[in-house]
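Trainee: Before anything else, here's the structure in question.
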Amino acid sequence: MAGRSGDSDEELIRTVRLIKLLYQSNPPPNPEGTRQARRNRRRRWRERQRQIHSISERILGTYLGRSAEPVPLQLPPLERLTLDCNEDCGTSGTQGVGSPQILVESPTVLESGTKE
């Protein structure tokens with residue numbers, strides 16, 4: 001990895017191998033048995049996967065020195081947001097359904113109070 005010493009590369013590889021081992025220790029559930037038994041096994045498996053994911057995030061966060069809280073996403077002001085449907089409107093199978101979207105006007109135009 002560029003800009004890192006070889007020692008920390010080996011430590012990162014060891015960390016990634018540990019996380020890989022955690023995920024490999026929880027194989028997908030057996031598809032045999034009654035519907036209820038399969039459902040319970042899948043539910044328990046998903047819970048273990050969530051726990052492994054949480055542990056993996058904590059291990060990597062500690063190793064990389066990142067904060068546990070995500071950085072807040074900076075959004076533009078609402079006045080600048082528009083809905084435009086000129087290209088790629090909708091997903092496949094829904095194109096042409098409903099009325100076309102229109103551009104949202106700024107609040108100053110909407111609040112002018114003049115009648116046309």
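Just so you know, the numbers here start at 1 and follow the chain as drawn.
Backbone N, Cα and C define each Cβ position, glycine as well.
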Trainee: Here are some residues: S8, S112. Which is flagged as phosphoserine in Swiss-Prot?
Mentor: S8
Trainee: Which residues of the same chain, at least 6 past either end of the compositional bias 'Basic residues' (36-47), have a Cβ under 8 Å from a Cβ in it?
Mentor: 26, 28-30
Trainee: If you average per-residue pLDDT over the motif 'Nuclear export signal and binding to XPO1' (73-84), what number do you get?
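Mentor: So the average pLDDT across the motif 'Nuclear export signal and binding to XPO1' (73-84) works out to 73.
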